[in-house]
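Visitor: Let me give you the structure first, and then I'll get to my questions.
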Amino acid sequence: MEADLLIYNIKKIYTPLGNCPQCGSDMENIEEIEDAYIAIKDGKILAAGKSPAAISAKEKIDAKGMIAIPGFVDPHTHLIHYGSRENEVALKLKGYCYVDILKQGGGILSTVNATRNASDDQLIEKAMKSLDIMLSHGTTTVEVKSGYGLSTEEEIRLLRLMNKLNSISLVDIVPTFLGAHSIPTEFKENSWGYVDKIINEMIPKVKEENLAEFCDVFCEDGAFDYEQSKKILEEAKKYGMKLKIHADELTQSGGGELAGILGAVSADHLEEVSEKGIELMKKAGTVGVLLPGVSYFLDRPYANARKLIEKGLAVALGTDYNPGTSPTENLQLIMSFAYIKMKMSAKEILTAVTLNAACAIDRGNEIGTIEKGKKADILLIDVPNLDYVMYHFGINHVNTVIKSKGDKAVVIGVR
């Protein structure tokens, strides 16, 4: 066996296995291989296991007793935007809720204005900085939503920029159309008029140019109600798009139930999800993407991860990186929040940010585990054990990132 790259002297590999989301107690099923190696060829994992006596490779990396885990997958971000919203924090400290700020023209709409006024180069430069931060902290694949354009022209522009970013960044980008992020100012008194615009103009144009794999809707009070969300997602499904839903974040909006009924790939947030929503999601195989960074930043209750897992749901974790409710690119910090605030175990968390996160963007057959045939997206982390990643919070534990791009594996030394 000859490899392009051999990583040897690995203290232990921790990885989930398979291509499908791990549900309930199966999230604890982590393969542990001591004194291990990983061989890579043409950007994919050729073999991984107990270190053999000898293996030939063009390039070798001595892991020096570090731990190897799959590259992190962030299944929920709003990467492409301009400006920031630190001015809103003072309002939140005074007791204003997110919906209050949204109704005053703040929140999403203020970022929409800043993004519309930014040039392509400005948006690319800002996004690339964030992608570099993500990669250095171990995120190798990221889902990116539009939603700060809220017009046909601007939404298409943002989706085109995602494709450009995917071609120039080492991080793999999975695009999601989120024209239904908020009602734009020009449709403030005619929300159904905007829904019609999404259905009759935006979705056909997105599909015509093949710009997005997923369609998402913010199903929430102050954004799109249940019937509006249902209509948009049903239309997207007719066009062959896979579905996602911002579900039950601030109120019990029925988003989880809608996700199950329509067979969405994921339902995200779920702080207020109903019992019926959980059952319908479970039957449909919908992944629940939890976003504890939002709960931290908004000082709101966290999603009940333990309940969702014990009910047999597949749970993933994401940053929800955005300028208003979760301004962080650091998935390791999110993992620590899940560990302490949502009572998830280290093994559940690893599954949630690798295989289950990959399945939440329909990439479980390509990434999310360290197995033969998967992309060589691998992290070497300088920690004594898996729990230590979450326990010693607020710092970057990643030493080296191995990132598959095309038919090559690129080695990035973080520190």
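The backbone N, Cα and C atoms fix where each Cβ goes, glycine too.
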Visitor: Which residue of Tyr96, Tyr148, Tyr194 does Swiss-Prot report at the same N-formimidoyl-L-glutamate site as Asn322, Gly324?
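Guide: Candidate listed by Swiss-Prot for the same site: Tyr148.
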Visitor: Out of Asp4, Asp132, Asp320, which does Swiss-Prot tie to the same Fe(3+) site as His76, His78, His246?
Guide: Asp320
Visitor: Pick from Glu2, Glu249: which one does Swiss-Prot list with Arg85, Tyr148, His181, Thr325 for the same 4-imidazolone-5-propanoate site?
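Guide: My reading of Swiss-Prot gives Glu249 as the candidate in that site.
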Visitor: What's the number of neighbouring CB atoms sitting within 10 A of the CB on Glu249 (4-imidazolone-5-propanoate binding site)?
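Guide: The answer is 27.
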Visitor: So which binding-site residues are near Asn322 (N-formimidoyl-L-glutamate binding site), with CA atoms within 10 Å, out of His181, His246, Glu249?
Guide: none
Visitor: Far apart in sequence but close in space: which same-chain residues, 6 or more away, have a Cβ under 8 Å from His76 (Zn(2+) binding site)?
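Guide: The list for His76 (Zn(2+) binding site) reads Glu143, Lys145, Ser266, Asp268, Val289, Leu291, Gly318, Thr319, Asp320, Ala360, given in order along the sequence.
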Visitor: Once the chains shown are all counted, how many other Cβ atoms turn up within 10 Å of the Cβ of Arg85 (4-imidazolone-5-propanoate binding site)?
Guide: 20
